[in-house]
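Engineer: My questions will all concern the structure given below.
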Amino acid sequence: MQLELIVVLCFVILSKTILTESLQFTKSQKNYYRDKVKSMFYHAYNGYLNYAYPLDELKPLSCTGMDTWGSFSLTLIDSLDTLLVMGNETEFIRASNLILNSIKVDSNVNVSVFETNIRVVGGLLSAHLLSGRDGWPCSGPLLRLAERFAQKLLPAFNTDTGMPYGTVNLKYGVHKYETPITCTAGVGTMILEFGTLSKLTGEQKFAQRALDALWDSRSSLGLVGNHINVQNGEWTATDAGIGAGIDSYFEYLAKGALLFQRPKLMQQFNEFLKSVNRYVRKEDWFVWVSMMKGQVLLPIFQSLETFWPGILTLTGHVADAQRILLQYSHIVRQYGFLPEFYNLLNQETVKKRSGYPLRPEFIESVYYLYRATKDPWLLQLAADVITAIDYSCRTSCGFATIKDVNDHSVEDRMESFFLSETAKYLYLIFDEDNFINNDGTDSRVIDTPNGPCVLYAGGYIFNTEAHPLDPGALYCCSAKRHKDLRLLKDFDNQINFMELVETPIFSNGFFDPLSQEEVFFNFCGIWLNGKSMEEATINKNEVVENANIPQHIKNFQETNDNVSGIFPFGIDAFVETVFMLWFNVKQNLKMSFP
């Protein structure tokens, strides 16, 4: 019996070795598929420009266009960084100018907060960071446009919980009858884009408060549901899983931790991972369960779940990721594509949910796993996806959605994520020398108006629309703020800013400061219990009327009256407001100051 077992094991090992060797891709084969993806991208991109622009999306069967998410020329915005990934700077500049000269930010249009954030804000931020244009990386027209769009989304966060509405009007804000019911992903998929804006511009947003509110709303099992009331924090859909409505919340916890070096977010992801493995995972599949009791509600696989092996790889769980991806690959082999829904009990597609809208999640996980393992089997998976899309989805002007994976019938839609995600990940799998795949050996030190800065050091973090963000660039814009901080040297010696932020006047949950610099910039004219710096200084006499102002603050004010340009509302307003904060610290914490 022992001999038979040894023979079987040897056969398995030998078979895997032979299979692996047979799947080895030569350099020319990799280049073939790389160039094939590039050709497919330009076929779709040019089809959009010729037949659909300036509308949001191409209808690839009728070769016409349609608006879907707000009339922003969405496919063009989503394609900007893919152009740079494929090395076409000339077309990138032309497309960027088209966007900058035509996009209206204050239109009377209702938009999805989630989609506008990940596609428009994320696409513009990534394009800005990769562009190297004037003022980059701390200023520039694409960054300004991204910030304007983000500002238009801010009214959605005006809720009792800090969690945003799902829809906002760019001109008028949130309608008074807007539903407060929002999916979990819509609440928790903001930190990458808003956090990047905060790092580049110094202006804090509300994304962290929304994340904290979601974390505090988890069940006793450590699970979150699918939809929540953003005004009262009550769950309205309590089905828990890793698919549609929840997926990118988990993704942004892990990626937010990596991009901004926030261990707290990774701790939260790991806690959710434990609960998912305990209640949601069934062998190497994932089902939908009750967030309160853990019982199975729906034994359905969703194609959106296939992002999970990629996140597991990114967080170090490579072996688990390989096993799970192998299961998903069986469905791809069976149908040629992943259906939107697949019944795990009956092992068949679900009626009316059997399409494939050119989604990227499966190939995204293939990308991460290949970067981690270099397993040639993953290259073969990617090559098969390329062949299937080109054969079954190609039309005269683009690529069409598969309506039913059972017969490969098609329908008249090509979503923008085909160009921003699917094509990009496929291209990067076979273009191993691409700058996005840089392991850090080709980093550059560049001179910026704010001092030297290290860029292209590798480790790009993709948002959920596959827009890459360079972590190094996020720390290029702090030199000017360090200069501002030096003006506060004497004052800094007297007050511990990290204690200051814990006082009632600052404990508003709008940000999660990591450094003294960030704390400083939060009360330098941006947010103060929801008030602007100007509003705060108007009322400062009510607080400090009878106070004994320390001499070092008076000296600071007297010697810095001529540097008002540094601060949003002038140095006088700034110093007065800082003193107001100092007085509140003293009163609330009973701290002793000289």
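Each Cβ is built from the backbone N, Cα and C atoms, and glycine gets one as well.
Note that this is a predicted model, so its numbers are computed, not measured.
Copied straight from TrEMBL:
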SIGNAL    1-22  signal peptide
ACT_SITE  Glu115  active site, proton donor
ACT_SITE  Asp247  active site
ACT_SITE  Glu340  active site, proton donor
ACT_SITE  Glu361  active site
BINDING   Thr464  Ca(2+) binding site
Engineer: Would you identify the secondary structure of Glu115 (active site, proton donor) according to DSSP, in three states?
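Structural biologist: Helix, per DSSP.
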Engineer: Let's check the environment of Glu340 (active site, proton donor): how many other CB atoms sit within 10 Å of its CB?
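Structural biologist: That number is 23.
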Engineer: How long is the line from the C-alpha of Thr464 (Ca(2+) binding site) to the C-alpha of Glu361 (active site), rounded to the nearest angstrom?
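Structural biologist: If we compare the Cα positions of Thr464 (Ca(2+) binding site) and Glu361 (active site), the gap is 9 Å.
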Engineer: Pick from Glu115, Glu361: which of these active-site residues has the biggest number of other Cβ atoms within 10 Å of its Cβ?
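Structural biologist: Per the Cβ count within 10 Å, the most buried is Glu361.
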Engineer: Closest to Asp247 (active site): which of the active-site residues Glu115, Glu340, Glu361, going by Cα position?
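Structural biologist: Nearest by Cα distance to Asp247 (active site): Glu361.
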Engineer: Round to the nearest Å and give the CA-to-CA distance linking Glu361 (active site) with Glu340 (active site, proton donor).
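Structural biologist: Rounded to a whole number, the Cα-Cα distance is 11 Å.
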Engineer: State the three-class DSSP label for Asp247 (active site), counting H, G and I as helix, E and B as strand, and everything else as coil.
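Structural biologist: In three-state terms, Asp247 (active site) counts as helix.
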Engineer: Please report how many Å separate the Cα atom of Glu115 (active site, proton donor) from that of Glu340 (active site, proton donor), as a whole number.
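Structural biologist: The Cα atom of Glu115 (active site, proton donor) is 19 Å away from the Cα atom of Glu340 (active site, proton donor).
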Engineer: What number of additional C-beta atoms lies within 10 angstroms of the C-beta atom of Asp247 (active site)?
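Structural biologist: Excluding its own Cβ, the number within 10 Å is 25.
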Engineer: Is Thr464 (Ca(2+) binding site) helix, strand or coil when read with DSSP?
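Structural biologist: Where Thr464 (Ca(2+) binding site) sits, the three-state DSSP reduction gives coil.
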Engineer: So if I draw a 10 Å sphere around the Cβ of the residue listed as 'Ca(2+) binding site', how many other Cβ atoms end up inside it?
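Structural biologist: A 10 Å sphere around the Cβ of the residue listed as 'Ca(2+) binding site' contains 26 other Cβ atoms.
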